[in-house]
Amino acid sequence: MGLTKQYLRYAPSGIFNVIASPDCNSTHVTLNGVSGRYIAVGACEHVIIWDMRLGEKAQVIPGENVVVSQIAASPTGNHMAVGYVDGNINVFELLNNDIVCVFAGHKSAITCLQYDEMGHRIVSGSKDTEVILWDVVSETGIARFSGHKGVVTSALFINGKNCIVSSSKDTFIKFWDIETKHCFKTLGGHQMEVWSAVLLKEERYLVTGSMDQQLRVWKLNWNDKIKDEDKLVQQLEIVKLEDTDSTEDSSMLQCHQVGTLIRGGRGRVVGLSTDPGQRVLACYGTDSLLELFSFCSDEEASARMNKRVKKQRKKLTKQKEAQTDEGPTEVSEILTLSDEVRRLSSVKLSAKLKSANVLMGTTGELRVGVTLATNTLELHSLDMSEGNEVKCLKQITMPGHQKEPRCVAISSDNLAVLTASADSIKLWNRTSQSCLRTIPVTCGRPTSACFAPGDRHALVGCSDGSLLLVDVAAACVLEQVPAHTTNCTSVGLTPDLRGCYSGGGDKTVKLWQFELIADPTGDSKAKVLSLLHIRTLELEESVTAVRVSQNNKFIAVALLDSTVKIFFIDTFKFYLSLYGHKLPVLSLDISYDSNIIATGSADRNVKIWGMDFGDCHKSIFAHNDSVTSLQFVPSTHHFFTASKDGKVKQWDADTYDNIITLNGHAGECVGLSVGAGGLHVATCGTDFGVRMFSRTEESLVLGDADETEEGLATGEQHAPVPGLPGLNMP
């Protein structure tokens, strides 16, 4: 038996740039007895608790490889329940981030989570259409409620009645009795999906949001005189759906619609939220408008009704004196929904809302925390007593891009990481993963980036064809060069470090030389870096990727016709043509010894070619989606690939083996950079995350890695709960 080739394992070393994931909710958290200051949000697989006074991370609850979909804080402030997209729920101790218990009962992503008023039980809803009740104290499941035919969108405790109410995309709202574990009432008043539901005013009102402009308000009347045996008989009766809303219903619950609240926002309802005291309702849709409603107390509602009656009587008296028959002839003294609810100030935000959470202070101050689609977290305040406009207390934007990062680069000393998105260019400290500099982008969306020699400057290619020369230390753009007429797809340094190259959609590759010139602004006597265009290579098709060999002899250009053409760099004389990909090559790289060239394409294949004759050594079906980035590890024949399937893989170009697969990104992985010596790998993706992987001293035997991969693929060795055997859930 021959010796097995060993490699060194790469392990995740951090994730940054994510302030708040748009696919997870947010919630107020009480830390160290302080409320209203801390907001917990999902950040990919982690949960971050932000200090909204300092704008810093107060605490990070770590996760493992699975994205967070829902979070809920216990009323006592001791625990945090975190639901994941794989259906598991972890309960963490906030004091030390320890896992108290793990609940594995759902088969799909968690869509809603809520604690009861004591913090002893949790109700969860999922995409698998089921609602499950969990006991946190005994760490077991109490009941599974099956009946919905669509995704469960809300699951709420009715604490005073020991019941649960749930809403679903199947248009129904169901009431479940925890004792008998059955549904005893179904509301069918919606024609389309119910996207959210909340209980208000001591659980007397149920507000639901659907696809239209109306929020339906239902009043819950409970029959407390009903006997236990009568309740059991009623739950066994078959009740027609059209009779469930009847006011003559003799069951334990009578539920009827008392009115609607008209929304000002457009599109469907995305979410409804209320404060723990159930006084204030926050509503948001698919736009950037946050609407607030206040449910008045009984005394306030009576006062509003008396004021309305007095006004109507005065108006009626004037009509009688004028002898006109227009309008009503008598005044209604019945409490209406307009008496119970008053509209508060709405908030127009800078981007689409993704979640909102409300907290009422003891002094009448209302605090609303919102997460936006632009990776932003904001805290707003409203004085309920004075009725002033909503003011923004804090906005957290610095620790992350507001648009998806499209490219990433690691400095030559492995100390800094550069990321670029459509809104800004950011410089990060790799060790602390904190943002050091932010440079606004005023031109097109960045598509490629690299550090210039010395790591003080960076080169960024943009979608409008411009090439930016950035001084990262001074956080400014020194020069915006109109390098190409359309998209500048590739930027890189020449091996002699005296210049750079760029490729664009205008069918040209341009070579540039660094030069020092006098400061054009005249602010300093020191010379500044600039670019001097020296030569242009014209081609027949648009350029998708460019790379220069380390011996400074060849330049490889990937074209839109799915071929790669190699030229002599000194004369631009044609040398080789590499054809075989079915779709355009999106990324390529040449090994350190200039013997091998690897190409990654949109056809999901990676091909390894020889530089001598242009022969294809191997074609590898590498990913399940387009290969977006490819780069060799310096001084080796190993290379990394990134793909739209979210995975990062390391390959051996000599044996054609897949060394390791690094999972992480929830969406597409669009950028990849390998640091000097191959010590660190940085990737960026559409989930806003910038992930770092570091090489460890742990040996990786290829056969062992294959067995682990096979076990995960078949599911035989996979346990949903760490430390417990695999369970086949019903």
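Even glycines carry a Cβ here, placed using N, Cα and C.
Annotated repeat 'WD' per TrEMBL: 103-144 (among others), in sequence order. Secondary structure counts, DSSP: the repeat 'WD' (103-144) has 0 helix, 25 strand, 17 coil.
Sequence annotations record features per position, and here TrEMBL assigns repeat 'WD' to 145-186 (among others). Secondary structure by DSSP for the repeat 'WD' (145-186): 3 helix, 25 strand, 14 coil.
Long-range contacts of the repeat 'WD' (187-228) within the same chain, counting only residues at least 6 positions beyond its ends with a Cβ under 8 Å from a Cβ of the stretch, are 150, 153-154, 156, 158-161, 165-174, 234, 241-242, 244-245, 250-263, 268-274, 278-279, 281, 283, 295, 337, 340-341. The annotation repeat 'WD' is assigned in TrEMBL to 187-228 (among others).
The compositional bias 'Basic residues' feature in TrEMBL is assigned to 306-317. Per DSSP, the compositional bias 'Basic residues' (306-317) is made up of 12 helix, 0 strand, 0 coil.
Marked as region 'Disordered' by TrEMBL: 306-330 (among others).
Here the repeat 'WD' (481-515) has a mean pLDDT of 95 out of 100. Taken from TrEMBL, the feature repeat 'WD' covers 481-515 (among others).
Feature annotation from TrEMBL assigns repeat 'WD' to 578-619 (among others). Cβ atoms under 8 Å from those of the repeat 'WD' (578-619) belong to residues 544-545, 547-551, 553-554, 556, 558-566, 625-632, 634-637, 639, 641, 643, 651, 653, 656 of the same chain, restricted to positions at least 6 beyond its ends.
The repeat 'WD' annotation in TrEMBL covers 620-661 (among others).
Look at TrEMBL and you will find 706-730 (among others) tagged as region 'Disordered'.
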Spatial neighbours of the repeat 'WD' (103-144) far in sequence, C-beta under 8 Å, 6+ residues away: 69-76, 78-79, 81, 83-91, 150-157, 159, 164, 166, 168, 170, 176, 178, 181, 720-721, 727, 729
